[in-house]
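K.L.:
Pasting a structure below so you can have a look.
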């Protein structure tokens with residue numbers, strides 16, 4: 001009998017019931033075993049206890065092959081090596097051996113399938129275990145912070161706002177006017193609603209340097225940390241959704257009000273942090289404290305706004321409706337758009353519910369603007 005046949009016979013002699021003995025009986029490794037089993041069942045769609053070699057090869061190709069530029073021939077060898085009995089399929093015993101024992105595949109498959117588990121599979125009560133040699137200072141969410149790629153999207157948006165403001169300051173020789181060429185072209189003007197770009201571009205216009213500086217500081221402090229975990233395009237999408245929601249809501253509730261500033265987008269970033277706390281609660285080390293801080297800031301700000309508007313005779317020309325609409329948009333779009341490190345079934349339903357609600361609200365604002373022109377101020381150009 002050849003050495004390969006002896007190896008195969010020895011491998012097949014391992015009873016499936018004892019496979020779990022590969023792992024010591026303590027929580028973390030038992031959890032790992034369960035996750036391999038869940039992953040195997042994901043590939044075993046017809047529940048016959050085996051996976052096609054072609055399916056495994058494709059999974060490796062679109063994961064490790066794309067990410068690490070592994071040659072297709074090497075991936076094919078890995079997939080074939082897992083099939084000990086050469087029947088074109090691998091059972092759970094062979095799959096587990098590939099994941100944990102095979103030296104050729106281990107360095108690739110461990111990283112690939114661990115990521116697959118981490119992002120797509122709902123864990124069975126995963127233990128929160130901090131042992132020696134592991135990072136004790138934060139959670140899985142905090143581990144996702146990265147400067148690669150650089151978090152530049154909100155920086156770029158801020159620079160554009162500074163350029164717009166600076167251009168008008170140069171033209172008008174003052175920092176306290178919104179009559180400059182850039183402001184006149186891009187401010188939200190209720191008498192020029194047909195110039196649809198104004199529903200977004202008012203975010204580049206600011207009433208004075210204080211207004212600009214406050215918005216820049218807050219959006220950078222809130223936006224850059226979000227970018228470091230969720231990437232820039234998601235953060236910009238949330239920011240713009242808040243800006244759009246702010247102008248549409250203001251056009252419906254205060255049809256004669258002008259809008260300038262990025263406060264709708266800033267408030268969207270605030271509630272986007274609440275959204276990521278909701279969907280990544282178990283992955284955050286200090287989620288409860290973060291939620292309390294942001295909740296306090298939101299209620300304090302809205303409480304002050306309501307008090308100033310309805311109980312104190314203060315005419316500060318602040319667009320409270322835009323703030324509220326931006327905050328709602330940031331929460332709804334944030335839940336749907338931001339990265340969820342461990343998607344649970346109820347979170348999928350929540351994401352789609354938030355998406356539908358946002359679309360309905362925005363659609364309602366657009367329809368109101370289109371079919372009820374008599375409701376708004378008379379347009380003039």
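Just so you know, the numbers here start at 1 and follow the chain as drawn.
Cβ coordinates are placed from backbone N, Cα and C, and glycine is handled just like the others.
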K.L.:
In TrEMBL, which of 151-170, 171-190 is tagged transmembrane segment?
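P.N.:
Per TrEMBL, the stretch marked transmembrane segment is 151-170.
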K.L.:
Any chance the transmembrane segment (318-338) and the transmembrane segment (235-252) are in contact, meaning at least three CB pairs closer than 8 A with a sequence separation of 6+?
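P.N.:
Between the transmembrane segment (318-338) and the transmembrane segment (235-252), contact is present.
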K.L.:
Could you pull the average pLDDT for the domain 'EF-hand' (70-105)?
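P.N.:
Averaged over the domain 'EF-hand' (70-105), the predicted model reaches a pLDDT of 64.
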